[in-house]
Structure formats: C-alpha cells, structure tokens
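Notes follow the structure.
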Amino acid sequence: MSSVAVLTQESFAEHRSGLAQQQVKVAALNSEEENDPPTYKDAFPPLPEKAACLEPAQEPAGAWSKIRPIKASVITQVFHVPLEERKYKDMNQFGEGEQAKICLDIMQKTGAHLELSLAKDQGLSIMVSGKLEAVMKARKEIVARLQTQASATVAIPKEHHRFVIGKNGEKLQDLELKTATKIQIPRPDDPSNQIKITGTKEGIEKARHEILLISAEQDKRAVERLDVDKVYHPFIAGPFNKLVSEIMQETGTRINIPPPSVNKTEIVFTGEKEQLAQAVARIKKIYEEKKKKTTTIAVEVKKSQHKYVIGPKGNSLQEILEKTGVSVEIPPTDSSSETVILRGEPEKLGQALTEVYAKANSFTVSSVSAPSWLHRFIIGKKGQNLAKITQQMPKVHIEFTEGEDKITLEGPTEDVNVAQEQIEVMVKDLINRMDYVEINVDHKFHRHLIGKNGANINRIKDQYKVSVRIPPDNEKSNLIRIEGDPQGVHQAKKELLELASRMENERTKDLIIEQRFHRTIIGQKGERIREIRDKFPEVIINFPDPAHKSDIVQLRGPKNEVEKCTKYMQKMVADLVENSFSISVPIFKQFHKNIIGKGGANIKKIREESNTKIDLPAENSNSETIIITGKRANCEAARHRILSIQKELADITEVEVSIPSKLHNSLIGAKGRFIRSIMEECGGVHIHFPTEGSGSDTVTIRGPAQDVEKAKKQLLHLAEEKQTKSYTVDLRAKPEYHKFLIGKGGGNIRKVRDNTGARIIFPTSEDKDQELITIMGTEGAVKEAQKELEALIKNLDNVVEDFMVVDPKHHRHFVIRRGQVLREIADEYGGVMVSFPRSGTQSDKVTLKGAKDCVEAAKKRILEIIEDLEAQVTIECTIPQKFHRSIMGPKGSRIQQITRDYGVQIKFPDREENPAPATEPAMQENGEESGEGKEAKETDPTSPKKCDIIIISGRREKCEAAKEALQVNIQVPAPELRSDVISITGLAANLDRAKAGLLERVKELQAEQEDRALRSFKLTVTVDPKYHPKIIGRKGAVITQIRTEHEVNIQFPDKDDENQVDIRFPQSGASDPNCVTVTGLPDNVEEAIDHILNLEEEYLADVVDNEAMQVYMKPSAHEESKAPSKGFVVRDAPWAAGNNEKAPDMSSSEDFPSFGAQVAPKTLPWGPKR
C-alpha cells in the first residue's frame, strides 16, 4: 500500500499551530514599528540541520522541529476479486465493455481513482487511490458491481437489533462500508429475528462475525427493574442527582429514575450483571434505611408562594435537600391544596421547615393603582422609565395588564416595597400634569385625519406634544383618544374637530377618464399632476391602481374647488382625445428611408410642421405601416405629405373602388387573412377599407399601376361573387406540405385556381392555426378545389421510401454547413427526409423518405444539383490586388451581390502585406544565388502574380458573366466630397459599355429632376376661410377631384394658424450664430421672444450655479498623490553583516526556483559532485 501526502488548508492550519513560540510579525506603517523592524531570523526561521546517524533520537534544532508530522490525506488500497467471483469474465473485452464503464462510473460517483489489472490466476486486481472516505465508498461499489453477490442470514435476539443499527443508523452504515455488504434488518413490527447480509463471501463472513460480536456483548448486559415508592426517589437521586451519578460512575451501571412529573415508581438498571447487582443492592439499602428513619410533617403555605419554595428549575427544593437532607413535597399546580409535606429524619425537620418558610416569604406580590392610559407613560419610550427601576432591582418583576387600572409587582419583599414607592410617585406626578380626552369622529374620515404617510397626525403630535390614538380600520370605531399636557390636549382636540367638520362639508366626485390617459395626466415623475394640485391645493386627486384597469379618478375637497378642478381636468382630457387621433398609412418598405431623410431631416420636418407624432416600423420588421398620432386635421396633413413623397419617388397610382359596405367584413376575412392574400398576390399593393360604421362604400387601392389594376379586377370579381353566392370550406394539412402544395413560384396552387376559379388562402406565420387552409368561391368551384387539394394531401400522406445513386465525391456538397442544402430540399418538398451514407463508407446509395410526389420532386432537384456540380468549372480572373477592396465593396456587399446574381462562388487570394519589387536582386550567400533567387529568375515576368488571381467556380456561362461583372468597378464619390467625377476601373473593352450605360442613367435622372422641378412650382392663393369647406367638399370629394384631374397638391391652412409663430434657429456655420428668427403676428411674436429670453436667463443661472458648486467638489481619487511604499524591512540580514554575501535577486531562478523546475547547478572548478 502506498500513500501520498497532500497539504490542505486545514491540515496546514493544524500543523502551523505547533509553532507556538514563533509568531509571524507583520510590519505596520506606523512610526513605532518602522523604527524596530523584525530580525531576519524572526521573519525567516532557519531549516533544521541534518541529524547525525549515531543520534537518531535527538530532535533537530530550530522552530521547525515543533511542527507535527503531516498525515497523508490521499491513500491507496488494492482490492482483489478472484476469478470465480468475477461478474464479467470475458477475457477479450478487458479494459473495455461493461467492466470499464462501471469503473468510470464509480470514479465519477466517488471521486476516487481506479486502476485495473489482471493477475496470473485471471483474478482482477483493482488499485483505488483517493481520500479515505472516497476509497471506502469506491470499495463498496466495486464489490457490489464487479463481484458476484451471495447472501446469508444471521439470527440474533430481537432486542439486540437496535445495537446493530446504532444511533441514527450510524453503526449500521459504518458496518456496511467496512465490510462492503448490504445488511437488511427486519422492521420493529416484524416478529422475525433474522438479519439478511448480501455481498461477497469474504464480506458476508466479516459482517456476520461483527453482528455476532455485538449480540454477544449485549448478552453480557442485564436489565433489572426495582419498585421504589415515589416519595423516596429524591433521597435515592440525592441533591442535584449527585448520589445516583456517583453510584452510576462507580458501578458502570445506567440507572433511570423517572422524573417527578411522571407518575411511575419503577427504577430501571442497565449494565453488566455483576456490577448491576452491586448498584441494585446499594439503592435497596438507601431505600430501606430511609423507610425506617424518616417521618413527615405537613404545613400550610399559600398557593401563590409555592413557586418560591420550588425555585427556578426546582433549585430551592434541591438546596433544602442538600442542607437538611429533607425532601419537600409540593402539591401539583392543578391542585387547589396548599399543604406542603416535609419528609426526613425527625431532628432535621425543624431546620427544613425554617428554610421552607424563609423561601416562601422571601418573595412578595404587590399592586399599584394606575389608570390604564398612563401605563405607556410609566413604561416610557422604548421602556426607558421602567428600565431605571429594573436596573436597580433586577429581581423585581413588573407586569402591566391591558385594560386593568393596576400594575402588579413581584419579587423580594424589600425590593418590591422600594419599586412600589417609586411607581406610586411616578403615577401621582403623571396624574397631576397629564390629561386625556376622547372625541367622536366618523371612522371614514380617520385616514384623512392621519394624512399621507401620517403627515397630518404627526404634525399635530409634534406641535401640541400630545399622543393621539386612532383606532385601526378593522375596529370600525369612531373614538379617538388624545393624551398629554392638558393645554396641548385641548388644542389638539379643537384642531381635529375642525378638520373633521371640514371633511363633513367636503364633496367627493368620481370623474371617468380612460385609463390610457392617466399616465399622461400624471406626467413624467408626476410633474403634470403636481401642477394641477398646486392650482387646486384643497382638492385631493386619487388615481386608481393601474393593475385594477379602472377609469374612475376620485376628486375630494370643498364643493366649489372640486367643480373647478373637474372642469379643468375635463378640458385637459378633451385636448388629449383630440390629440390622440391615430391613422395608419401603408407605405412601401423601400421608400421608408426617403421619408426619414438624411439624419431624419424629412420626418423631423413633417413632425414639426404638422405637430404630430409619427412612428415608423423597425427596420427588421415586415410591417409597412406608418402610424401618425395627433389632431385629426394635422394627421391628415402629415399623411398627405408622406403619400406625396411616395408618389414622387415611384410610379404609384391610387384607385377608388365602390363596394357595398356590408361586404367589407367578408372581403377582409378573419384577422385580415383574405385581403392579405389578395395584396400579396398582386405585388404587395395596399388596399384600404373605410372605418367600420362610417357607411362609406369607397375602397382605396394604392400601388404600381399594373398591380393596382389586377387587385381592382379581383376585388370587384370577388364582391360580385359574394353578392351572388359565397361558399367557404376549411381544409387541414401539415405546415410542411404547404410549400409543396403552393409549388415553385406558386405554380401548383395557380393551376388549381385556374381550373376551379376558387380562391385558396394559406395561413401566414402570424396565424395561430398553422394547418388551416381556407377555400372560398362559388359552391361548385370550392368543392372542385377541395377535391383536388384533398387528393394532393392524400398523396403527401402516403409515405414511401426510395433510393438513388449519388457519386460519393458530391456527398460533401449536400452535408456541409450542417446540411443546409438538405434542409432547403426538405422545406421545399413537403419535409422529405434525405439520408446520405456516413463519411468514411464508400457507399453511393442515398435514401429518400416522404410523400411519393415529394420524393420524386426531391430526386429531380438532387439530380439538377449534381448536374450543376458536374458542369462546374473554375476560371481565373486577374485583377491587381490594390483593386480587390473596392471590388468587394463595403463589408463585402458587392461581391455577395455578384455571387447571388450569377450563382457562383468567388475566392479571393491571400493578401500580400509587403510585396517585393520586381527589380530587387535576389540575395546571395557565399557567392552562390539562393534557391529563391533561382526560382525567381526562372519565373516569367509577364505571368500574373498569385496575389492578383481571383478564382470563380460555377457553370461556365455563369462564371464568364461573373468575371465580366468583376472586371468593371464603378466608384461613386461620397456626398460630402461634392465631386462630379465617377471613376470606372476595368478592362478597356468593358469600360466603353459601362460608360455608355452610366450616361444613359444620368439622362434618365436629369429627366426625372426636370419633371420634379416642374411639379414643385408653388402658388399661394388667398381665399376667405368661410369658403374653404365648400372647396373641400363633403369628405374632401371636391378637392380630391381637383387634385386628381390636375395632378397637383393643394394645402389648406390650419384653423389655429393665425395664433402660431414660426421659430427658426441659426444653422451651423451661420454668419450670426446667436440670431433666432421669430415670424408671426406682432403680439404673438413679442410673447414668443419674451418666453425665449426667460428660458435663456434660467439656463444661464443654472450654469453659474453649477460652476460655483465645482469649487467645493472633492478632487477625484486618482488626482491625490500617493506616498511611495518602503516595502518589507528586516534587521540583521546576511547581506547587511558586512561580509561578501549579497541580497537575494528576486528575478533569479537560482535564488528563487519555481516548484518542479530544474535549476542549473553552479559550475565548480573541480567539476561536478559525485
């Protein structure tokens, strides 16, 4: 057996304690300790010298000799499993298979390390290393899992079973661990005395031997019971149980005397037979003696004094027994008897009686009359007044009973008398200078009297130095009690009654305000509600808890103030309602950036000028809807401006179609599914239905002209169908089949639609039910479409397994990137499963599993991919390395676009950081040209460099097209450069074509610019506002017609425009950066200028205050200088002694070697030591 010592933190601490005399000294930075640093020997005690061979008993000198030897924390044990007991005997699988797995599992479970070896006799040797506990657990596991198990039974008396189990089962666990067996002991209610042992043959023998030993040990022990009258038990136990303890110690017998509270007379002895007999004899002798010699005397002692005779934990009774040898018997507490019996030798009874009366009269109970409302004043704040008395007389117990006008005192007679006098003086003083009054106030006003966080009641208490007791809500009591100085009580009563009468005259009003406006009315951090409360200070405004979803806001206060506050808040709500009008504007996603403008300029301008809130969808969302919130007129104006931007940018037309409003809901469909399918089918046009209940029949379609016309035809056709006869059917199909049912580019579903004339709607990603397919149209068309789709779905449900041959060289293409190609095939062809053979096997058989049609289509697609792979070529495109970055484009966007457009793969060469110039001669060594030089000389100077060659892979025609695209690079200058020059880089033959294409595009842009300039002509016409409604017409019909006919935008002024001003701040780089321009009516302009100047003054005042505060601010921590540290100093060091020794070099590996590293030996003139 071997052992390895590991010095743990605990064992180090234990052994370190051996250095009792050696204290580790730490140098402090104070002046005293600096003057007297520790010596070198104190700080670094020397290691012990090597002991002479002849004196082995001599202890080495020095402090290190005090350290106790370190116990090994890691042990190693070897266990042997004979061949006949091995569970796994297959010799071919040694070191692997089930046996090895079990060993690994044991190592993980126990944390021990296992090593297996096979002996010559084919027995199994297992070496286990680790901590003792881990080794024992591992041994138990090895025996249970690697060794064949046997079982045996051992019979021992039932009463001995508990000794085998031990306290909390510890002995049994220890026995199982020691013998590596499983021991089953029958339950207490089981009459069997058979103990079952399971384990190895050796383990069973050991366990059986141990159990029989425990039983034999218990056989030597005996139990005896002695019946002794209860009254003599105190004499046998002796005072404070001294006598019985002495007998137990001398005889080694356990003696159990029942406690006084238990009505049993039997004393139980347990121990070895001889010693037990001695103990029983001694107890019997005491009992017989006391029976003969003792007599009794009965005395009357007040019931209340019994507890003083007993004393704390019966100590007084034990003291009397110790002093006099007399036992005092007290009647139980539930008995009304006052008779106390003294039992003992006649000559000692008198002394005991004196002791009993002394104990009984040493304590007294007294009471002081004090009104219950004064009790807390007597106690004082946090018990201060009472603490003064109890500190002087700690044995006195003072008790206050709630609702009673008395205080009870209990304790030694003298102390009680002193405490009583002090409390009586205190009560008299309090009655003379304190008063109380009770007032009736309806309990519903109590919380208002208390105020928010107790503000009102605390003010009254502090102001009048009184105590006010308001009953809790659950008592529903109207009685309020005021206690304190008579004058203060009177004033507090007056104020509280005034407050109560004012509340009785108050009015409470419930105001209904939609919960969505509550947060706005309260304002950020409660700013707006604070303004309202400052305006109406007497009105209390209560908003409901947001979790309750209530719209009721409660106002309470004087009647007139509540009315004024109600009107003010109703006006505020009306403004909020007016400003919270919201409309959704569908705008094609590609135009969102134009609506936002550079740095958000366009959207900011529209927001400011229309005074609306405009929310655009996130870039990564699929939504195209822009939401405008504000006043209705302002929202309409903003909507018109946004639509006009879209109209300018694209060929967008808007068509209005009249469809009866009763058909609108059925055309929209559940959650807009139906109308969404039409919009998607017609190139993403926007179809806008009027709001429900408006009565309007006009449906607006907006989008590219061709798509709008298509959508219009479909809508009118559907409306006609709905009016004649509409029929709907729902079908269910697995979501993975949908793509296959729709077909590539919608081919399959279009075929069904054309054949039947029915409309088929598939669920979108947002829909909850992903299996539901809806068919709409005439009954005949729907049934025909249903029949066709059901046939397709049935085919898809018919799962088949098929095989195809694919050359192994192409397998990698399908399985790389975590099988991306296979995932795409599965998505496209109804979830068909394609399995390629594992890498390393030379099989070319590919398995396809799924619906028959899907499998056939997937096979066709795989063959197409293989054809593409076989037709792939690799061509080289030579472009100087300096142009590669510009070809790639920002973040590789341009190269990614070419890859996508032409379906090819493009690989750029590794970049050469410092390419050597061609003219530089090759290096020479010893008059010969280096190998590199020769190679350079042999290469053709006209051949392209490796770093200039771009490799393109794919079909030949696509590679050629991609190469052509790469060879022309067009660079447009950045907007901030304001340059008119566009650079075209590439082969001469391609440059002319690219230049011609660019010039054509420039002509188109110039034509668009001229058209936009013509469209941007602006004319202002003055028309009396009273005619504006006539020009606009009903719901804008007239003005819309004028706009459409003449293709112009007509803008009417807002109603409130005459009261507004326009404020323009200078732009960056303006000649006068301090000039702010205000335009509007003279009065409004004056008012705006005053407001701006006030804001400026407030801001400057804040700046001055902040600068003044900076003077008093503490500088940051890093600015404070730090004194340099002197480090650790020692006296009498070897290098300070004047000899040639130097201070150790910290960086030297020789002076400070690292653990485990080899240190270079010092070279000596006469060679190395032998």
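Heads up, the Cβ atoms here are built off N, Cα and C, so glycines get one too.
The stretch that TrEMBL tags with region 'Disordered', taken from the ranges 145-182, 487-524, 1133-1170, is 1133-1170. Cross-referencing 215-242, 775-802, 831-858 with TrEMBL places the feature coiled coil at 775-802. Within the chain carrying the coiled coil (775-802), a Cβ under 8 angstroms from the stretch's Cβ atoms is held by residues 674, 721, 724-731, 733-734, 737, 740-741, 748, 752-753, 755-761, 830, 847-855, 859, all 6 or more beyond its ends. Confidence across the domain 'K Homology' (220-288), taken as the mean pLDDT and rounded to a whole number, stands at 86.
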